[in-house]
Structures are given as C-alpha cells and as structure tokens.
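Visitor: I'd like to ask some things about the structure below.
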Amino acid sequence: MAETKDKGQPPTDNPGEDHKLLKFKPGHSETLSLSAKKHERRPYLVELPIFFYFLAYKGALPLKEQFLYSLLTTDLAGTVSTQGGLSPSCVNFLNASANVSSSSIQLEVTLQEDSAALLSVLNIVRNAPALFATLILCSYTDVIGRRWGIFLPCIGGALKTICFLIVAYVGMDASPLLYIGETLEGFGGSIMTAQNIAAAYVSDIITEDKRTFRFTIIQSLHYLGTAIGNVIIGYAISGFGYCGSFGFILALYLACAFWVYFMLPESLQDRSDRPFSVLAVLQDAIFVFRIYVSRNRPTSKKIILVAMLVAVLMDNIIILGRTDVDTLFFLAVPFCWTSIIIGYFQLLKYTFKAVFGLSVKCWANCVSDAIIATGGALFGMGCQILQGLATVPLELWIVGVVGAPSGVILPMAQSIMSKTVEFSERGPLFASLGVVEGASDMFAGSVLDIIYSATYDKFPGTVFLVIAGLYFVATVCCLTTWSLLRKPGNAIAKDIETSPEVIFTRSI
C-alpha cells in the first residue's frame with residue numbers, strides 16, 4: 001500500500017493536532033477542496049461501518065459451517081433434526097444417554113468428513129481470488145479512494161449471502177451457488193481488504209501520535225464483532241432457521257455498504273494520479289521481503305526478523321484456519337453443542353482474550369515482549385492438547401478461558417519486528433506481514449479441514465494436536481528471539497515506541 005501523504009489529511013488548527021473523531025470545523029471551509037466542503041459535516045468515523053462488517057463476516061462463519069453440516073445431514077440422512085440442528089447421531093446419543101448405534105456412528109463420521117472436505121474447497125474458492133484482490137485493491141485505493149476498499153468487500157459479502165440464502169431455500173439442487181457465492185466474495189477482497197483499508201483510512205486522517213489508539217479500537221471491534229456475532233447467530237438459527245439467519249447477515253452487509261457509500265466521507269482529498277499496474281503491485285508484494293535479507297543488517301537481527309515472521313505465520317494459520325474444525329468438533333458426539341452454546345463459547349473465549357490483551361499493557365514494562373510471546377505460545381500449545389484429548393464439555397470451557405494468553409503472540413511479534421528495523425523499513429515490514437496474512441487465510445482453513453476430514457474416523461482430536469505443534473514452532477521462534485535480544489548489541493531500547501502502523505498493538 002502506498003505511503004500516506006500529508007496532503008491527503010484534513011486540515012486542523014494546529015498541524016500536529018488530531019481532529020479527534022470530530023467533524024471538520026466550519027471555520028476551515030475556505031481551506032478545503034470542493035470535495036472536502038461537500039463532506040465537511042460528515043464525521044470521519046470508519047469504526048461504525050467496519051464494526052458492522054466484522055459483525056456480518058464473523059457471524060457468517062459459524063452460520064455457514066452449521067448450515068453446510070445441516071445441508072449434508074439432510075442429503076445423507078434424509079431428515080432434518082428438530083433438536084437445535086443436531087445430527088441424527090447426536091439426537092440418538094442425547095435421547096438414549098447411551099452408546100450410539102454403529103450405523104449412527106458411521107453416519108456421523110461421513111458427515112464430519114464431507115463437511116470438512118466441502119469447507120476446505122470453499123475456502124480455496126474464496127481465498128484464492130481474495131488474496132490477489134487484496135493486493136490490487138489496497139494499492140489502487142490511492143487512486144480511487146479508500147472508501148471503495150471497504151464498500152467492495154461489503155458488496156462481495158452481500159452477494160455471497162444471497163447465494164447461500166437461495167441454497168437454504170431450495171436445497172442441494174442449488175449447491176453450485178455455494179461456489180459462485182464464495183468466488184464473488186473473494187473478488188470483493190473479503191476481510192483482508194476491509195481491515196487493511198480501515199487502517200489506511202485512519203492513517204490518512206489521524207496524526208502519528210494518535211493512530212495507535214484508533215488502531216486499537218479497530219482491533220477491539222474485531223474481537224467484539226466476533227463475540228457478539230456468534231451469540232446472535234446462535235439464537236437466530238434456533239429462532240428463525242437458516243433463511244432468516246442469512247437474511248440478518250445480508251442486512252448487516254447492506255447497512256455497512258450504505259453507510260460507507262452515502263455517509264462516510266473520503267479520507268483522501270488529493271488522490272494519486274500515478275498509472276496503475278497489476279504487475280507492479282505483485283512485484284512490490286514480493287520485494288517487501290528483501291528487508292529480511294538486507295546486507296546492512298547484522299546476522300543476529302536477520303534471525304530475529306525471520307524467527308518472528310515464522311511465529312506470525314504460525315499464529316495466522318491457527319487463527320484463520322481453525323474456525324471450521326472447531327465448529328465441526330463441537331457439533332459432533334460426545335459434545336453435541338447447539339448453535340446457541342457455540343455462540344456463548346465463542347463469546348467467552350474472545351472476551352477473555354480481549355481482557356488479557358488489555359492487561360498486558362499494565363505489566364509489559366516489567367517483562368520483555370519475547371517472554372510475553374513465549375508464554376502465550378506455551379499456553380496455546382497446552383490448551384490445544386487439552387482440546388484434542390477432551391471428552392467432556394467442561395474441558396472445552398477450560399480451554400476457552402485458559403487459552404486467552406495465546407492472543408498476544410501476534411502483537412508482541414509485530415512490536416519486536418518494528419523496533420528491529422529502521423524507520424524507513426517499517427512500511428515494507430508491515431506489507432510483508434499483510435502478504436503472510438493473506439496467504440495464511442488462503443491455505444490455512446483448507447489444510448486444517450483436510451487434516452480433520454482425513455483423521456476424524458481414527459481420532460477426532462488429531463487436528464488440534466497438529467495445531468499444538470504449530471504453537472510449539474512459535475514457542476521455539478520466540479525463545480530464539482529472546483536469547484538473541486539478551487545480547488547487548490541486539491537489545492531493543494525501552495524508549496522506542498512501537499510503530500504507529502502496528503495494527504495489533506499492546507492494548508490487544
């Protein structure tokens with residue numbers, strides 16, 4: 001993404017003063033362009049529409065997973081359970097409170113394998129075009145304006161929801177619409193574009209010393225949207241069925257698109273007139289990784305950057321890839337959770353992650369970033385082993401609470417990396433992390449879904465032991481970084497602040 005230019009920022013009384021989420025002051029209208037005058041009474045508040053987007057996107061994930069599970073249940077078993085969307089094996093298990101018949105067990109295995117396989121294909125269909133759309137849109141918003149980088153993902157999500165709504169109404173006969181819907185969302189850029197452009201929008205209108213707080217708000221809204229979206233969808237599925245639930249998600253996407261198009265002013269008043277080239281964008285996406293092999297940097301610092309990059313990769317794979325397998329695992333015997341219980345579990349998990357993330361700010365000055373990241377990776381590894389071996393619901397609830405520290409790996413890694421590179425290298429640094437996130441989102445879900453599908457009949461918790469292995473790799477990377485940072489030549493000064501471009505800050 002091109003660097004933000006000062007001329008794209010709204011004027012203020014004091015060059016270093018933030019306009020603090022307020023509307024442009026009428027007294028400055030003579031300094032604004034005609035485009036800015038038109039929008040001078042509109043607040044530059046991107047947080048509201050991006051919250052609606054997070055609420056829709058994160059609420060749609062468990063809805064899609066449970067809908068596909070129910071759709072395959074109907075197709076294979078020829079009936080739909082009336083007990084909270086449970087599979088026939090779960091219905092028998094709960095009603096009899098005894099062992100399930102062998103035929104029901106085989107049906108459950110088939111459902112789990114087919115659901116995971118279908119989700120893996122749909123993830124690839126969506127994320128392959130989304131990765132390239134993100135690279136193009138994030139760069140091209142310098143020309144067409146930032147708002148389109150949020151508007152287009154909303155439209156893509158709305159079109160996908162319409163396709164799923166038709167399938168929910170018609171049944172498996174309309175199943176090709178599932179692939180069409182995922183593809184349309186991918187070409188819209190999906191969440192990768194929306195979240196990055198929201199950060200770019202904030203960078204355009206806020207001075208550097210105030211950006212971190214606004215970035216923190218955006219990420220907090222991400223957590224909040226995930227938690228609330230899961231609970232709402234849980235009740236929506238139970239009360240209104242899948243058609244009504246998809247209708248609710250569609251309304252959220254359209255509300256976000258309406259606000260962005262009609263209410264949100266453009267943050268770039270003077271846009272770039274540079275010629276746009278898709279090839280140039282793709283070359284930039286590759287060349288940003290040159291900072292990891294710079295000849296001007298000591299070998300030890302190169303190792304720190306690469307180790308933290310691997311830790312970020314592991315964390316992204318886990319965060320972006322485990323949603324599908326979590327939901328399928330909760331739906332199966334012996335847990336047989338309903339959509340409402342799953343929603344409350346996600347609410348508990350993300351609330352504790354947010355609370356722990358905020359608490360880090362209180363004691364981060366006493367403990368190094370590398371130690372905090374190491375502790376988070378160890379907690380994550382232990383919790384995934386516990387989830388993989390879990391046989392009773394209480395163990396899963398313990399995982400949701402105790403796993404909260406695992407949410408600090410990414411912000412601590414970004415903090416370390418931003419302090420290791422030169423100021424002029426921070427742009428390419430975070431661009432490289434964006435590429436890693438996009439690639440993780442493209443492949444992680446599909447890979448974990450395939451592992452879950454291939455191992456469910458042998459041991460359902462295998463995929464969570466694999467995730468524990470990823471946390472182990474992240475732990476080794478964090479410990480390597482900690483040992484290198486202890487050397488005097490590599491010590492990071494305490495007074496160096498984290499780059500304002502860090503999306504995940506210490507407050508998360």
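Even glycines carry a Cβ here, placed using N, Cα and C.
Because the structure is a prediction, the values reported are computed rather than measured.
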Visitor: Between 116-140, 366-390, which stretch does TrEMBL give the note transmembrane segment?
Guide: 366-390
Visitor: Mind checking which residues of the chain, 6+ beyond the ends of the transmembrane segment (150-172), have their Cβ under 8 Å from one of its Cβ atoms?
Guide: 46, 49-50, 53, 56-57, 60, 64, 67, 71, 74-75, 126, 137, 178, 180-182, 184-191, 193-194, 197-198, 201, 241-243, 246-247, 249-250, 253-254, 256-257, 260-261, 264
Visitor: Of the listed stretches 220-238, 245-264, 366-390, 396-417, which one has the most C-beta pairs under 8 A with the transmembrane segment (303-321)?
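Guide: Ranking 220-238, 245-264, 366-390, 396-417 by Cβ pairs under 8 Å to the transmembrane segment (303-321) puts 396-417 first.
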